[in-house]
Amino acid sequence: MTVSENSVLETEVLVGGSAMPNERPGAMEPQKLSKMPEGFPRRSTVANGVRSRASRRFLVVGGALLLSLFAIYEMGAVFSIGGITPLEYLVLALFAVNFCWIALAFCSGIAGFLILLRKPRAKDLQVTELHTRTAILMPTYNESPDRVFSAVSVMAETLSQTGHGHAFDWFILSDTTDPDIALLEEQAFLVLRQETHKHSRVYYRRRRKNVARKAGNVADFCRRWGSRYDHLLVLDADSLMESSTITGLAQRMQADPDAGLIQTIPSLINGTTLMARLQQFAARIYGPVIGTGLGWWVQKEGNFWGHNAIIRTEAFMTAAGLPNLKGKPPFGGHIMSHDFVEAALIRRAGWSVVIAYDLPGSYEECPPSIIDLAVRDRRWCQGNLQHSRILPTKGLHWVSRLHLLTGIMAYLSSPFWLMLILTGLMLALQAHFIRPEYFTDQFSLFPTWPIMDSDRALRLFYITMGVLFGPKVFGVLLLLKDGEFARSVGGRIKAIFSVIFEVILSALIAPIMMFIHCGAVMSILMGRDSGWSPQRRDDGSMPWMTLIYRHRWHMLAGVMLGYAAILDSLTLLAWMSPALIGLWIAVPISAWTGSVKIGEVFKRAGILATPEERNPAQICLQAHEARAAYQKHIAEPWTLAQVLKDPALMELHLAMVDKQPLRAAGTPIEAMEAIVHVKVHEARCQQSALAVLNRQEMAMVLANPLMLRSLQKLPEQFVEEDLVSFC
């Protein structure tokens, strides 16, 4: 059968036409990191786009540098009165690294605070018609199909009502490896097509092999279909976006031909556990301060967070092809945290990368528990540390390098903070147990007393706490100033209670996360790869024994640090207690914060409430209703046995299988594919074949029409006369 005949057959089988449109192949070559590609950077074509002003960088980065130099000088002065020892030099160095990290966030927060005081409004571009085409991509990997497909259904329907639906196509790009979920996705896609085919173009493709994970998934789309579209709007499996935001992004791209990528700042929604609600509240109250400040000073040298952003296809395909790094994982191989690197490469090529901090209506969800956060952060930590090999890339803008460095420090800061705590503890124990040398080798009539400037040290402590908690304070001030905002979270009194509770609970969780990040860094330095595990989205609860096992080292570390502190004095133990209590009760904290029931208690009490929870956007309500409907639609899942038995079901399934050519005859065959071929061809019936195929092999069979046809030809069961089976 020819390709055209096959397409006609699919159109007849599937409501709304083929599962994917005709391919229009395009090149997306891996970029060279050691030298600038020819013709880069491109020249700007218009003067009405975003400009980068050095004055903003000077105010924020320069301010952070001056603040850091002052703090480092003060810390040096604390030690210098009696002469600085080697251990004190180490404390000074660790303090310098950690303070620079928080000073930049503080200065960005000041900028964001001042901007938000004026209540900026989203820019009205006055564009009435879109003449560009945008592909909206929803990558998914072993996610709940009811969540993914219902979200697309609602977004597609609301977008069609704006009159701009003709400018957008929707693509669900699956990398699912679980055969049961893969079949559920197909069922959900049939429902989605039935609902949307009259007003929207919605497509589905599941890759046979998920090479390079999410980045490879999007790159595969670009190479095969990307040339059909001017822009790519990339979502995540838990993303939602209002139609006004979708059209606003496309209009901004259309109005600024220099724009290569525009990133929104998503709001967190749908948190049911206490941990998820904590993240939602913190992101809603304090997040805009940092995000707005960051967007204000980075300007054309913004960043990409992997989703809820629109990308110019030309910029992405010509400038952001990711190379494989030399060596094996965790530092070699595919680039895991692809988003920062893609943004840096797009900017290197001369396109602008902008953070649209003024554009609302972008949503995502967050991990439901500390353990789920740890699993995600282990993967992110590996990807961000991998960026140490991207930093020397030729031609990157210094702000892009700073983004990469900031991502690295997001995880390296934990070991640095831990080392600072340990060296400070060692200084205290040294002063308590080791007799000081009052007379040095040099002749002196007076002894040398080991002293520090305690008043200056206390003042520096207050300054450090102010810098650390400054962005939180700015967020609270904005909340208290804005009466409408305060009412949207339950009023000022309840908001203050929520802030106090968030600060206390975050302080308890922080040392646990510090040790989790330290463990992740150590694991990576020891050469261990994170793999790619699907994320839990709703319930974060786990058995208590599992939690004890996962937090055993955290509790032990807390006990050991507490014992070391009490050897010096109860005063030192009291000073360290904010960092120790969370470690001592890590297991109950992890259990309680991951509980949906406890999260519901706090929701009813109105603690940690957000505007999106108390007054949800219409699209969020619609998505919730649609998900319940999809759960009913796919309540009776297909099985591979049913697909083989039912010819109509088989034709439906084959119409949704990726049409990428199979391995050509005579070319090398992978081990698993060879094993599956043997199992299929040796099987005497469908039942025996399914009995010997594991889940990974079943997923491969589902994506291979030839194997499916071979299995379909076999009898359902094998019966041999006069043969008696004994159990």
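Every residue gets a Cβ built from N, Cα and C, even glycine.
Among the residue ranges 278-298, 635-655, 698-718, the one that Swiss-Prot annotates as transmembrane segment is 278-298. In this chain, the transmembrane segment (460-480) lies close to the transmembrane segment (97-117): three or more C-beta pairs between them fall below 8 angstroms, excluding pairs fewer than 6 positions apart.
Contact between the transmembrane segment (278-298) and the transmembrane segment (496-516) is supported by 3 or more Cβ pairs under 8 Å, counting only residues 6 or more apart in sequence. Beyond its flanks by at least six residues, the region 'Disordered' (18-41) meets 7, 10-11, 169, 171, 189, 201, 203-205, 219, 222-228, 316-324, 345, 348-350, 390, 392-395, 655-656, 658-659 of its own chain at Cβ-Cβ distances under 8 Å. Taking pairs at least six residues apart, the transmembrane segment (408-428) and the transmembrane segment (58-78) share fewer than three Cβ pairs below 8 Å and do not count as touching. Packing against the transmembrane segment (572-592) from elsewhere in the chain are residues 274, 369-371, 421, 425, 428, 507-512, 515, 541-542, 544, 547-548, 550-551, 554-555, 557-559, 561-562, 565-566, 598: each is 6 or more residues past its ends and has a CB under 8 Å from a CB in it.
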